[in-house]
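Colleague: I have a structure I would like to understand better, so I am pasting it below and will then ask my questions one at a time.
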Amino acid sequence: MQRIMLRGKLHQARVTHAVLNYEGSCGIDQDFLDAAGIVEYEAIDIYNIENGERFSTYAISGERGSRMISLNGAAARKAAVGDRIIICAYGPMTEDEVAQHKPRLVYLDAQNNIVRTSKDIPLQLA
């Protein structure tokens, strides 16, 4: 049996560009892709913290060091510049892989600077 597991996440990224008349995708600073283990053309899910929108697209490489998060094409209608979003990549894993797996979690501040990375999400208390 295989399970679909979170592999990489960019948490609270700020949208820097929304380009409606561009081939669909999400342009992401290559440094962010590397940190989260996401590769160009990989399927990603995006969750908009500001309005609750959830949608899928694919990642494309953005200029390294630019701190860019650009929603392109139809995705540009799902968020505004300045919105906080979560970008996730998932992948199938066997039970043996699941037992060893730790996702690559990248946390960003309001200026899209990486403030920390982790491989664990803290236990949520009641």
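Numbering starts at 1 and runs along the chain as it is shown here.
From the backbone N, Cα and C atoms, a Cβ is placed for every residue, glycine too.
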Colleague: For the substrate site that Swiss-Prot describes with GLY73, ALA74, ALA75, which of these is also annotated: THR57, THR94?
Modeller: THR57
Colleague: For SER25, GLY73, ALA74, ALA75, listed as recorded positions, tell me which one has the smallest number of other Cβ atoms within 10 Å.
Modeller: ALA74
Colleague: Around the substrate site formed by THR57, GLY73, ALA74, ALA75, which additional residues qualify by having Cβ within 8 Å of the site's Cβ center?
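Modeller: Other same-chain residues with Cβ inside the cutoff are GLY24, SER25, CYS26, PHE55, LEU71, ASN72, ALA76, ARG77, LYS78.
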